[in-house]
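Peer 1: Before I ask anything, let me first share the structure, which is written out below as structure tokens.
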Amino acid sequence: MRPSQRRPDQLRAVMITRNFTCHAEGSVLVEFGATRVLCTASVEDTVPPFLRGRGQGWLTAEYGMLPRATHTRSAREAAKGKQSGRTQEIQRLIGRSLRAVVDLSALGERQIVIDCDVLQADGGTRTAAITGACVAVHDAFRKLVTEGKLPYSPLREFVAAVSVGMFQGVPVLDLDYAEDSGCDTDMNVVMTGAGGFVEVQGTAEGATFSRAELNALLELAESGIRRLVEAQKAAIDRN
């Protein structure tokens, strides 16, 4: 039995609240159970030096956790003077995931900066961040279209992410902290709404996993991501 009492194929309660803050072009609070992440998408009329003069846009991401997002307080990385390897890995993953579904050539010389700030962590912060950031980017593009700055949205399709793992010999979906810290295999899967894989990160923690278990985990992730994309679309349709 899972610590959360959920079925193996059951997601945590998912909530996507749009327009959560008033300044960013796109702003979303995404909740996967007790995990809560604020995702904003900001539009900048500039691009990195390597893209200047090419008529193409860019999308990048930053990720961070509030000091008391976890059970015990962690020092702000700004106070330490450098980002951890984990932070750099996650923000690069978020950027790659969103660039996979954005037509950068349709942006013009603009940059979208995604900021994902973890307010409360209970496992799956990177997957929640990707799922929420996609909706924030959608809203930022909608604003640009409404203002007449773009003829159409450069967002080609949705992208979402979920964790899966082997917990006590059973493939389970959307691990919370208790499951993540006690599982034998931990995997993060990023997919598009059309079913294409963007990234698969899998690690054997306590024991190796078989090809059959890998296939079962991927099928479980695919099912979960379909439901997450439905939640993204439902959040957009509400307003």
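Cβ atoms are placed via backbone N, Cα and C, with glycine included.
Keep in mind the model is a prediction, meaning the values are calculated, not measured.
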Peer 1: Please identify which of ARG73, ARG76, ARG86, ARG156 is recorded by Swiss-Prot as part of the phosphate site containing GLY124, THR125, ARG126.
Peer 2: ARG86
Peer 1: Have a look at the binding-site residues (ARG86, ARG126) and report the one with the fewest Cβ neighbours inside 10 Å.
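Peer 2: Among the binding-site residues ARG86, ARG126, the lowest count of other Cβ atoms within 10 Å belongs to ARG86.
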Peer 1: Which residues, sitting 6 or more apart from GLY124 (phosphate binding site) on the same chain, put a CB under 8 Å from its CB?
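Peer 2: Listed in sequence order, they are ARG12, PHE32, THR35, VAL162, SER163, ASP174, LEU175, ASP176, ASP180.
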Peer 1: Including all protein chains displayed, how many Cβ atoms other than that of THR125 (phosphate binding site) lie within 10 Å of its Cβ?
Peer 2: 24
Peer 1: Taking 8 Å from the centroid of the Cβ atoms of ARG86, GLY124, THR125, ARG126 as the cut-off, which other residues in that chain fall inside it around the phosphate site?
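Peer 2: Here the non-site neighbours turn out to be TYR63, ILE90, VAL118, ALA121, GLY123, THR127, ALA128, ALA129, ASN188.
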Peer 1: Need the DSSP three-state call for GLY124 (phosphate binding site) to compare against my parser.
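Peer 2: GLY124 (phosphate binding site) sits in coil per DSSP, no helix or strand.
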Peer 1: List nothing but the largest Cα to Cα distance in Å, as a whole number, among the residues ARG86, GLY124, THR125, ARG126 that the record says bind phosphate.
Peer 2: 13
